[in-house]
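Enquirer: The domain 'PUM-HD' annotation in TrEMBL covers 1-289. According to TrEMBL, the feature repeat 'Pumilio' maps to 5-40, 41-76, 77-112, 113-149, 150-185, 186-221, 222-263.
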Amino acid sequence: MVYQEIMPHSLALMTDVFGNYVVQKFFEHGLASQRRELANKLLGHVLTLSLQMYGCRVIQKAIEVVDLDQKIEMVQELDGNVMRCVRDQNGNHVIQKCIECVPEDAIHFIVSTFFDQVVTLSTHPYGCRVIQRVLEHCKDPTTQQKVMDEILGAVSMLAQDQYGNYVVQHVLEHGKPHERSCIIKELAGKIVQMSQQKFASNVVEKCLTFGGPSERQLLVSEMLGTTDENEPLQAMMKDQFANYVVQKVLETCDDQQRELILSRIKVHLNALKKYTYGKHIVTRVEKLVAAGERRIAAQAPPQPA
């Protein structure tokens, strides 16, 4: 009954602030035949609906649940307008859903649009999400290689970008070990300045969390510097962003490194207190020490009573 009544108005309901939910429910819970009929109603309107605030939700739901032949027919309507969708606040969600739910061979026209545009897209508020979906779902070796080469060729710039940093973090977290190493090698030598930069500091933290022991050692050595003064570490302790990186070092390093770094921090803390440094810097460094000592205590064997 409900279906019969709704069906003639389905297109208008799809772009309605309330009606779109009803159409989505039919895609979810309707009979297979109803689902097919509703999906046919979308054909010819996929692009306009994808760019519309409520219509894009209906399209996403349809891409999730309709039969494969209809999914393929639907997404083909976006051909030639892929970039327009990616850059659109509604359309980008549809492109993400295509990458998640449609077999790779049916969306090659979408993914190939991104070739030679990966860096540009990674620095875009919606594009960076789309690139992350590609990294997650596109298993084709050529695609993987092309996308990864573009990202790795611009690591330093992307790490410092307000959106690009998320793409680099994604590779560090989910990428292959050699891709991770490639990023860490690229950032090595500028760890201190990267740590003092708002967005790149998050990338350095991810390097510490997901890098291997030798890579972590490389980063820690760079932070400690070459003299007893530990200039890089001192600069980092005082910095509003880099102090979080130092916290991450204390969290991720081995016991020996932790003891060494803590002892260095304490030496510098006493010096800091002598100066009329901002109170917040001393507090920040004291918190670092406390956090590091808690870690050491947690790993020490219990003392006999």
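Cβ atoms here come from the backbone N, Cα and C positions, even for glycine.
From a predicted model like this one, the values you see are computed outputs, not experimental measurements.
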Enquirer: Near the repeat 'Pumilio' (150-185), which residues from the same chain, at least 6 beyond its ends, have a CB less than 8 A from one of its CBs?
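Expert: Long-range Cβ neighbours of the repeat 'Pumilio' (150-185): 115-116, 118-119, 122-125, 127-128, 131-132, 135-136, 194, 197, 199-200, 202-203, 206-207, 209-212, 215, 218-219.
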Enquirer: Using DSSP, how many residues of the repeat 'Pumilio' (5-40) fall into helix, strand and coil, respectively?
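Expert: Helix (H, G, I), strand (E, B), coil: 30 helix, 0 strand, 6 coil.
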Enquirer: Summarise the repeat 'Pumilio' (186-221) by DSSP state, stating how many residues are helix, strand and coil.
Expert: 27 helix, 0 strand, 9 coil
Enquirer: Taking only the residues in the repeat 'Pumilio' (150-185), give me the average pLDDT of this model.
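Expert: Result for the repeat 'Pumilio' (150-185): average pLDDT 97.
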